[in-house]
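One structure is given here, and the rest of the page talks about it.
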Ligand code: APR
């Protein structure tokens with residue numbers, strides 16, 4: 001444990017499940033009543049803008065009714081106390097990591113609480129409805145704001161920064177993700193290729209479970225605090 005200095009953590013919808021936010025590939029495979037591919041694509045936005053903007057308006061509003069759970073809080077504690085490098089890469093678009101206090105954080109799929117202007121590309125924090133014709137704060141264009149969410153077929157954010165962190169990682173930890181969507185699903189192999197140890201904390205085996213050196217199955221609210229205690233104890237032990 002003492003040789004671990006640089007940690008990369010990948011989180012998915014499973015870390016927010018115990019806060020009450022639905023995961024994407026639950027039992028019915030339908031997410032909030034939609035096929036994910038039918039609501040999270042540029043084509044869906046072009047075909048039925050109002051439906052997509054309303055869908056994300058509702059998800060943005062729902063954030064006010066949920067709170068970080070012990071898994072988010074444990075990662076925020078790790079962020080405060082880990083003396084080495086740390087990068088939390090989340091696939092989630094909720095703001096629960098931030099609200100728990102995480103700072104060394106990157107949203108590779110964008111954020112519900114951010115708007116993207118389709119006219120000028122400006123991204124800015126945003127908490128309201130996108131159906132009310134709000135003007136872009138940078139270029140002033142009306143009705144040009146869309147959810148700052150990376151749709152299927154679009155390029156995730158900050159991949160260079162993620163690749164650099166994976167190349168330098170001594171430990172890669174995956175929490176609450178099914179391993180169904182690339183490039184995130186390939187991070188474990190990239191980390192291993194560069195010599196990192198790999199750990200999966202998940203409710204059930206994922207598509208990539210066999211790529212991990214170690215797998216712990218259970219709820220994130222139990223596994224993550226226990227793991228953070230363990231790694232910080234090892235850091236204290238030197
Ligand atoms: N604790 C830990 N893991 C959990 C919990 C829990 N309480 N509840 C569910 N899980 C696990 C499930 O077993 C599953 O492996 O979380 C994972 C959730 O998988 P998905 O619903 O596929 O979510 P995710 O992996 O984040 O999806 C990746 O797909 O639709 C796109 O952009 C979207 O970011 C998303 C990406």
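Including glycine, each Cβ sits where the backbone N, Cα and C put it.
Copied over from TrEMBL:
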DOMAIN    1-235  domain 'Deacetylase sirtuin-type'
BINDING   12-31, 91-94, 176-178, 202-204, 220  NAD(+) binding site
BINDING   56, 59  substrate binding site
ACT_SITE  109  active site, proton acceptor
BINDING   117, 120, 136, 139  Zn(2+) binding site
Looking at the binding-site residues 24, 91, 120, which have a C-beta within less than 6 Å of some atom in ligand 1?
-> 24, 91
Residue 12 (NAD(+) binding site) sits from residue 136 (Zn(2+) binding site) (Cα to Cα, rounded, in Å) at a distance of 30
Among the binding-site residues 16, 56, 91, 117, 203, report those whose Cα falls within 10 Å of that of residue 109 (active site, proton acceptor); none is a fine answer.
-> 91
Looking only at the binding-site residues 59, 117, 120, 139, residue 91 (NAD(+) binding site) has its closest CA neighbour at 59
Give the sequence-ordered list of residues that share a chain with residue 20 (NAD(+) binding site), lie 6 or more positions from it, and have CB atoms under 8 Å from its CB.
-> 65, 66
Can you name the residues of this chain that are 6 or more positions from residue 16 (NAD(+) binding site) yet have a C-beta less than 8 Å from its C-beta?
-> 66, 69, 72, 92, 94, 96, 176
In this structure, the one of the binding-site residues 117, 120 whose CB has the fewest other CB atoms within 10 Å is 120
Residue 203 (NAD(+) binding site) and residue 139 (Zn(2+) binding site), compared by Cα position, are separated in whole Å by 45
Cα-to-Cα gap, residue 56 (substrate binding site) vs residue 120 (Zn(2+) binding site), nearest whole Å | 21
